[in-house]
Amino acid sequence: MFQFHSTIERIAGIFAIFGNLLLIFLIFKKSVSKLGNYKFMMVYIAIFEIAFAILHGITVPVIYTTDCMNFLVMRVDKTWFSKPVLQVLNVLFCDMFGMSMSLFAAHFIYRFLVLSRKKILRKHDKRTIFVMLLFSTLFGVVWGLVAWDTMQPFPEGDLMISERFATPQGLVLDQIAYVGILFYTKDTLGNRIVHWPSVVGIGIQSFFIGISFFLIFFFGFKCYQQTRHLVQSQSASSQNLQSQLFYALVFQTLIPICLMHIPATIVYAVAALDKSNDVFGQLLSLFICLYPALDPLPNFFIIKSYRKAVKDFFKKVYRKVLCRKKNTAGISTTGSSRAWKVSNVSSVHLS
């Protein structure tokens, strides 16, 4: 199944790069002037998702989970990198996974400041954007440091990943790089004990994810309230734009929540109960690789100026294809008509 997974992951990566590059083009070329500096935050997310897709494509990570363990595994034979480099890229993957929610939290905070017309935004708009982006970046750095400290290879993990993953696939431990957690190990007497470094690590990461979710729901609700109040305070065009931006952001946020964080929570919970299965890890791996490919889509469908630009593009393509077909059909008909006339003239002369 790994080969199937790696193929899907690379195809999804191509779609993600194309979709986000298209979104960046639309942001700079087709945005209305009222969008303001918010476009830079939108571009930041698009660049982040391109980087995430590239990381997927060049490392094709797979999540291996069974019983009480969850490991993110990268294989040396499936990439161009050595094991030490893959070990760093493993941590970077965890870093970007955790950073994904903080990005949307920063967006909702900024949207709230825009909608509520806070003085700080009117006076220091660019500085506020910088702080929002710095917040999400620092969030990712902290997440990565926690992963580096608590999820690095350890003796019990080496034994489990070697017996359960490497050996059945004809690999040795030197051919794989992994990070992950093991909820339970056994002592010298064979008794099951809690592996506290893993539990502490997942606890810290869960706390940070909880902060992101709290900020998203709190400021998301505040944005919803402010959007409803726009009817009385702003023009219809401004109201429509703010509403489009809000709902596009909501759907963009729901995609990683539904594809990454809810499934990951389920996988960790099942592993904590010592009931995990490799199927859970395979599905989670596929869901995660779909996130950067699907995340730009709400902008194309919800934001009017982008929707119109995409629609006009496909109309032009359709017209060109239709014209070529008509020209081809016309040439074919003309050629047949000429051939028929020549045939008739020849038969007349022969008679």
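The backbone N, Cα and C atoms fix where each Cβ goes, and this holds for glycine too.
Here TrEMBL flags 12-28 (among others) as transmembrane segment. Under 8 Å from some Cβ of the transmembrane segment (12-28) lie the Cβ atoms of residues 35, 39, 42-43, 46-47, 49-50, 52-54, 56-57, 289-290, 292-293, 295-297, 299-300, 305-306, 309-310, all in the same chain and six or more residues away from its ends.
Under the heading transmembrane segment, TrEMBL lists 40-64 (among others).
Long-range contacts of the transmembrane segment (84-109) within the same chain: residues 41, 44-45, 48, 51-52, 55, 59, 61, 72, 74, 76, 132-133, 135-137, 139-141, 143-144, 147-148, 151-153, 177-179, 205, 208-209, 211-213, 215-216, 219-220, 223, 249, 252-253, 256-257, 260-261, 264, 288, 291, each at least 6 residues beyond the stretch ends and with a Cβ under 8 Å from a Cβ of the stretch. What TrEMBL lists as transmembrane segment is 84-109 (among others).
Look at TrEMBL and you will find 129-148 (among others) tagged as transmembrane segment.
Under the heading transmembrane segment, TrEMBL lists 202-224 (among others).
Sequence annotations record features per position, and here TrEMBL assigns transmembrane segment to 245-271 (among others). Cβ atoms under 8 Å from those of the transmembrane segment (245-271) belong to residues 35, 38, 45, 63, 65, 67-70, 97, 100-101, 104, 107-108, 111, 181, 183, 202, 209, 216, 220, 223-224, 227, 277, 280-281, 283-284, 287-288, 290-291, 294-295, 298-299, 302-303 of the same chain, restricted to positions at least 6 beyond its ends.
As annotated by TrEMBL, transmembrane segment applies to 283-303 (among others).
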Intrachain neighbours beyond the transmembrane segment (283-303), with Cβ under 8 angstroms and 6 or more residues off its ends
5, 8-9, 12-13, 15-16, 19-20, 22-23, 26, 42, 45-46, 49-50, 52-53, 56, 61-63, 65, 97, 100, 244-245, 247-248, 251-252, 255-256, 259-260, 263-264, 267, 310
Positions on the same chain near the transmembrane segment (202-224), where near means CB under 8 A and six or more residues out
98, 101-102, 104-105, 108-109, 111-112, 115-116, 139, 142-143, 146-147, 150, 181, 246, 250, 253, 261, 268
